[in-house]
Each structure stands twice: as C-alpha cells, then as structure tokens.
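Enquirer: My structure is below; once you've seen it, I'll send some questions.
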2 protein chains.
Amino acid sequence: MEGVAWKQRSPATCPPIRCIVKLGGAAITNKGELESIDQDSLRSTCAQLRQAMSDPAAKGKVMGMDWSRRFGDPADPVVDAEGFADMPGIGLDSNFIVVHGAGSFGHFQASRSGVHKGGLHSTLVKAGFVATRISVTSLNQEIVRALAREGIPSVGMPPFACGWSTQQRNLASADASQIIQSLHAGFVPVLHGDAVFDELLDCTILSGDVIIRHLAQLLTPKYVVFLTDVHGVYDRPPTDPDAVLLREIEVDDNGGWSVVKPALQDNGKGVEISVASHDTTGGMETKILEAAAIARLGVDVYITKVDTEHSLRALKGAVNTCSDDWLGTVIRSAK
Amino acid sequence: MEGVAWKQRSPATCPPIRCIVKLGGAAITNKGELESIDQDSLRSTCAQLRQAMSDPAAKGKVMGMDWSRRFGDPADPVVDAEGFADMPGIGLDSNFIVVHGAGSFGHFQASRSGVHKGGLHSTLVKAGFVATRISVTSLNQEIVRALAREGIPSVGMPPFACGWSTQQRNLASADASQIIQSLHAGFVPVLHGDAVFDELLDCTILSGDVIIRHLAQLLTPKYVVFLTDVHGVYDRPPTDPDAVLLREIEVDDNGGWSVVKPALQDNGKGVEISVASHDTTGGMETKILEAAAIARLGVDVYITKVDTEHSLRALKGAVNTCSDDWLGTVIRSAK
C-alpha cells in the first residue's frame, strides 16, 4: 500500500470514526432479480442506523433530507424548512461511513462484459464499464436517498469519481481527503463497489470489502459492521442443516485465525467458511480475509443479519459476546 | 487560481480536447415543473452529440451502453454482447466533456435552504446540501444514461465527489486528473453544477459555467458550445419582440467586449444582454462573463438553441459566421 500513502493527507488530521458499515449486496437487494432493491431491508437498515446515531433520550421527529420527487409520484416533496431552521442541530452522532455492495446491481453488467478482467481496448469491456457504473451508481443514489429520508446527512461518493484506482485489483490510489472533510462537516459518506481504472489491467471492479479494509486501516474506526443475509460466518454453507454459526473468531498477528466460540473439534482449520451465497467480487474467502485484516488492526468486526435486533446491536457497538442472545460473528484481534 | 494549479497534474499530459459542451438547465429540463427532464431535448442532444463524434461516412448501428432497467419497465435490458465483441472500436471521436446545469433540479432544494450562502452549522443548510446533491446527481444519472443509450461511453463525475471545492465561490481546488485519465481512456466525463465545500462559507453552489471556464483554461478545447433554450445572446430579453440576436461578439485582452455583428448603433455598450430566463446561478451577466473569459483564451464559444440544426452545427464545430443561415452567437477573441 506504499503507493497510496503519499497521495492522501495525513491521517493525523482525521477525527475518530465511530463505525464503518458494510451493507452487503445480498442484504439490501433481491437476489436473482435484476436491479431490485429489498426496500424493507433498506428502510429498516436506515432506521437502525439512525437509532444507532441517536442519543437514546432523544425522541425528535425525523426530518427527512430527501426533497426530491419519487419516481411515479406526482406529488411534490414536503419540506419543513421552518422546522429545520428551528433545530439547534441534527442531534445525531453521524460519525459513520457507509459502504455498500452491488448485489443484483452491477453484477449482470460486469459479468456480461468481463470488466473485472480489464482491457479497455475491447469495445465490450468499455461498454460494460459504462453500463456497470450506471447500475452501481443507481443503487448508490437510492441508498443515499433512503438514508436522507431517515434524516441522516448522507453524501454519495462513487470511488471512480473520487479518482480511486487499482494496480492488479489492489488499491493504488485512494485519496480519502474529501471523505475526511465530509465527516468533519457532519456528513455520512456513502461509497460502493465500482468500476475503476487499473494501472496494469486498464480497468477492474473495486469491491466494497476492499474499500472497507482501506478505510479501516486509514481511519481506525471503533468497530466495523458487515450486514448480510445470514446470521454470520458458518462452518459450512448456511443452507446446510448442520451448519454451525461461528460466534467468535480470533486473528493473530500473522494473519492466522481460530474459532474461539463455539469450541470446535477441528479448531478453525479446514472449516468451510461461508457468509452468504450471493457474492460477486471474490466470495467468502475474500470477505473473511478482509474482515481478518481489519481485526488485526485492533478493530472489532461484527458480521450479522440485516433487519434484526442483532444488526441494531451491532450498529450501536453494543455486542456482548459473553451472552448467547446475540446472533452473529465477532472477529477480533487475539491481543 | 494559484491554489488550483499545484493540486493537479501538469496540463502538458492532457490530450487535445475537441469540445466542452454545456447543456444548460433550461435546455434539458422543463421550467416551472419540479425535477422534470425535457426528454425530447435530451434525446435529440445525445443523438446530435453522437453525430458530431461520428465519422460522416460511418453508418454503424447504435450500440447502447445503458444496460440497466428503466423505471417502471419490467423488461430486462437487451445487451448485444457478441455485437460489441465483434466491433473493432466504438468508432467515435469521443474527445468531448459534457457539463450540465440544474434547471428544475436542485434549484428548489438550494433556494429553500440557502445552501449557496453557506453556513453548515445551520441544520437547514446541512439538510439542503444533502437534498440539493440528491437532486442534481439524479439529473446527472439520467444524462449519463441518455448518452450511454446513444452509444457514447459516458461516466458521471459529480464535482463534490471529485473533491472540488471553492473559496468564496471561486474554485479553490479542482483536481482534473481523473477527468484527463477518463478522456485518455476514451470516456466522456459528465460533470454538473453541484453543492460543494467552500473554504470561507463552509459550502456553496458551484455552477456549471464556472466548471466550464476552469476546464477550458486547463485543457484548451478547440471550441466550447453552450446549448440553451433560445437562439443565443440578445440585446434585450428574448421575449421582447424587438430583441436582436447578437451574432458575433469579440472579446479583447482586457475583458472588454463589443458586438461585431449585427452592426448596432450603441456598439455593445449598455445593451441588456439576455441568454435565457431560467438561470439559477448568477444569471446572464455571469454567463456572458464566463463565455468571454473562455473566448479570451482563443477558444471560440458558440451559444445556440438546443435541438436545432444550429446546435448540430455548433457541436460539429462547423459554424461559419460569414453566412447568415446559422442562428446563434459566436464569442471569440479579437486577436
């Protein structure tokens, strides 16, 4: 990551970040249906994020920040400008970053064109690059709007537009100064997996998981939450009736990891890790490796199911692994 | 503009840009109707842009690059991947940049909140910043899609996400390296007026006209086209039946300007310049000053009406001011 450091301002100027949240593609879109958002999950996630950001004592009215028309709805948006003007502040600890995957957005376009493999001299790849970006930025726009409707001051930041690029799929340039400035100003940056330029391949797909790891390394949040469509990491595909949820995984300095809870016979070695079935950028192995890389920084990683009491607790950072009533996987440093 | 120079790569690495096109808000949206695109104008403009980029001899089929579903249309998009794979290239001189205004997008949200005046400590301004960005990026998304449907490899680049910022509304930081790299790779960057951070005011609105001037100074295109909803610059409001279209304006080194054609009694002094009635970021005075600043660089500026034979000729750079059959205003350097 040498190449990255010099291209961004010193992390010393960063405010302490509370949480980076990954909205997994499988959690917020309907699998198998092209470009279809799971509106219930998305709405619930935004409401939970608002709760996690709120002072528990505060019971203010939600003041929506999406003042645009809804497609197909002829009514003009209602804006309570006077209500906003009377508020002393938005009353949220909005020190969060949201990163989302693509799910049923982008995947179709990327796989039809092979944009992840690069080669912009190919007309098909060039067209696929354009088509993939249109699809993933459409999803980004909808997520920014859903957050804004919950009164969360969200700002979309497509990595391609931010000038982020890769070198053989590893981040090569990723200036985070605009993200940091947005956090300072009280906004919640919303990034996503995107088609980007690659120094060797011409172009590729930068996944949301790689973005999260980079931001975690740069900003050292208190915790990172991965929301997905199953309860966490299992020892085998979660559709298998014998699948066991791995509740706690420890990562050592060398990148090795072991399952602390539950006690397994074959302690972490050779278990077939599985998070979710719908993953388009590297699969489970990548996901667990990215999470382990974050945990090695001393940042707790919570992987849990979207739209549950468990996701709310994770977003609040209120996970107690000593009790059994939280369903999910904690990945943390062994230190 | 001292502050800008050091933050971007040397313009010496830029390819020669053919044209920067401003799609005026009044040209592509319906005035008076909140967030309503003038679909006919937009479609025509994209088709004309494609014609301007095409070799006149080429009569290839248009291969669309928007592979996303249309809202409300249950049909999946049709992608001719084999057709693309067989193409030796896209066959377009795509060395264009598109910048669009806001029109009936963004203006409502900005004016309700006063986001152009700054002050992010105000909850209303903060909410307005979010709401304005949602509105203008929605329009950007639709314009990128309309271009892609015409087979133009367009990529959206919201200035806020690019990290562009102002100091008392003048550009303070405007790294164009991603724009330049996109042009090199054969893409057409699509920028727009956006809510941005301002070093003194906290935030403001960066207008599309200021963006165009900056890019013209940096990249020295062969010509710049402003598409609007009237035929060009008039000596008084174009709704006035006595209004005279100013066909040619010369700009001198000191920023002074004079009407060369038609010969007016009161040669340029005191004429009430009017381009379009629907302008939200500074009005006519700003527009003519921005155009004059571009012309002083030696770059011809064509201001003309969208969706006409005159706009097509302007986009092709085929304007001959010696003949009277081109309706529009040319602004050029007196040298």
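Glycine too: its Cβ is placed from the backbone N, Cα and C atoms.
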Enquirer: Given TrEMBL annotates B:Ala102, B:His107 as substrate-binding, which of B:Gly32, B:Gly186, B:Gly208, B:Gly232 belongs to that site as well?
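Expert: Candidate in the recorded substrate site: B:Gly208.
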Enquirer: According to DSSP, which of helix, strand or coil covers B:Gly208 (substrate binding site)?
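Expert: In three-state terms, B:Gly208 (substrate binding site) counts as helix.
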Enquirer: Fill in the CA-CA distance, B:Ala102 (substrate binding site) to B:Lys287 (ATP binding site), as an integer in Å.
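Expert: B:Ala102 (substrate binding site) to B:Lys287 (ATP binding site), Cα-Cα distance: 14 Å.
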Enquirer: Pop the Cα-Cα gap between B:Gly208 (substrate binding site) and B:Lys287 (ATP binding site) into the table, whole Å please.
Expert: 10
Enquirer: Compare the Cα of B:Asp229 (ATP binding site) against each of the recorded positions B:Lys31, B:His107, B:Gly208 and report the nearest.
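Expert: Going through B:Lys31, B:His107, B:Gly208 one by one, the Cα closest to that of B:Asp229 (ATP binding site) is B:Lys31.
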Enquirer: Assuming the binding residues for substrate are exactly those in the record, B:Ala102, B:His107, B:Gly208, what is the maximum CA-CA distance in angstrom, rounded?
Expert: 13
Enquirer: B:Gly103 (ATP binding site) to B:Lys31 (site 'Transition state stabilizer'): how many Å between their Cα atoms?
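Expert: Distance between the two Cα atoms comes out at 7 Å.
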Enquirer: Using other CB atoms within 10 angstroms as the count, which residue among the binding-site residues B:Gly103, B:Gly208 scores least?
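Expert: Least crowded of the binding-site residues B:Gly103, B:Gly208, by Cβ count within 10 Å, is B:Gly208.
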